[in-house]
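Notes for the one structure printed next.
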Amino acid sequence: MHIPDNYLSPATCGTLVTAMAPVWTVAVLKVKVQIKKHHETLPMLGIAASLAFLIMMFNLPIPGGTTAHAVGGTLLAVLIGPWAACLALTVTLLLQALLFGDGGILAFGANALNMAVIMPFVGYACYRLGQKWHHEKLGLAIGAYLGINMAALVAGIELGLQPILAHTASGAPLYCPYGLNITIPAMLTAHLLVAGWVEVVFTLLVFQFVKRVAPTNLYQTPTRRNQRPWIALLLGLAVLSPLGLLASNTAWGEWSPQELQQRLAQQHISTHAPQGMVHGFHFQALFSDYAIAGLPVSVGYILSAITAVLIFLLLIRGLQHETDTSQH
């Protein structure tokens, strides 16, 4: 689901990040109002971002030799509201790209549109319909499933349009080499068959956990929120995160230029990777692929998870201190 750099043309990336700018602006304004009404929203933003980050570390094997993962977009929308979920997921995606090389820097707008807008808003709309019809959990499950699959569909469209939008004079693709007839089925198959159902399971389990141990931690409950169950949940997920390493293959559409070149050669499509990808923007993250030099992969994975959680919580603590200071 995380589109790397050089799979989308610079024009596509620029268009999508420009389209996201007003969405982020509205989200910030909406969340500021929400925080004024319910101060507990601010610390929950850090918890929500941490939760999404950890959920996305659990990669799953997909038939055909690729992987996929859940995201938690609908879950976050139910916990803190869709606009706050948009911001939490945006910050999560930004940290993943900058620190861990998961998702592109230039493709950040595309990934934010898919996972921080489409997923939480589609999922939350289904959840609210379920509530209206007195089938809360059913609405939540449908929202989680539809949300991630709608995001996958849009990602497939973004990738599949590239051979049409950006190509050489001879018609060779400059960026993603696969057309819509390949990208859409590839993205949807992985999410319809596997990732969508795991998204449902994660969403229902955490929702049930919250309803049981901290029912005030839901968006529509304007009472003081207990953070202790969340800290326990986050620590548990961080410790279990190396399970995501069991699926070692690369997710569809996230290959390096070298991996893509091998695939294209095996499929008798081309003997080289697209030129725009080979000569495009390349960013080396500090802890690329959640690995820390000199440490076992599983240990690096856990430390990456804990580092991300600490960054989110410290960031929110700083914002909370600044908010409290300005109010006094």
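In case you wondered, yes, glycine gets a Cβ from its N, Cα and C as well.
The model shown is predicted, which means the values in this text are computed figures rather than measured ones.
Copied over from Swiss-Prot:
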- 8-28: transmembrane segment (TRANSMEM)
- 42-62: transmembrane segment (TRANSMEM)
- 75-95: transmembrane segment (TRANSMEM)
- 103-123: transmembrane segment (TRANSMEM)
- 138-158: transmembrane segment (TRANSMEM)
- 187-207: transmembrane segment (TRANSMEM)
- 229-249: transmembrane segment (TRANSMEM)
- 296-316: transmembrane segment (TRANSMEM)
Who are the chain neighbours of the transmembrane segment (296-316) in space, where the CB to CB distance is under 8 Å and they lie at least 6 residues beyond its ends? 42-43, 45-47, 49-50, 53-54, 57, 91-92, 95, 99-100, 234, 237-239, 241-242, 244-245, 287, 290
For the transmembrane segment (187-207) and the transmembrane segment (8-28), does the number of C-beta pairs under 8 Å, pairs 6 or more apart in sequence, reach 3 or more? no
Chain residues outside the transmembrane segment (229-249) and at least six past its termini with a C-beta under 8 angstroms from it: 47, 50-51, 54-55, 57-62, 65-67, 69, 206, 209-210, 213-214, 217, 297-298, 301-302, 305-306, 309
Can you say which of 75-95, 103-123, 138-158 has the most Cβ pairs under 8 Å with the transmembrane segment (8-28)? 103-123
Can you work out which residues elsewhere in the same chain, 6+ from the ends of the transmembrane segment (75-95), have a Cβ less than 8 Å from its Cβ atoms? 2, 23-24, 26-28, 30-31, 34, 41, 44-45, 48-49, 51-53, 55-56, 103, 108, 111-112, 115-117, 119-121, 123-124, 127, 140, 144, 202-203, 206-207, 210, 217-219, 308, 311-312, 315
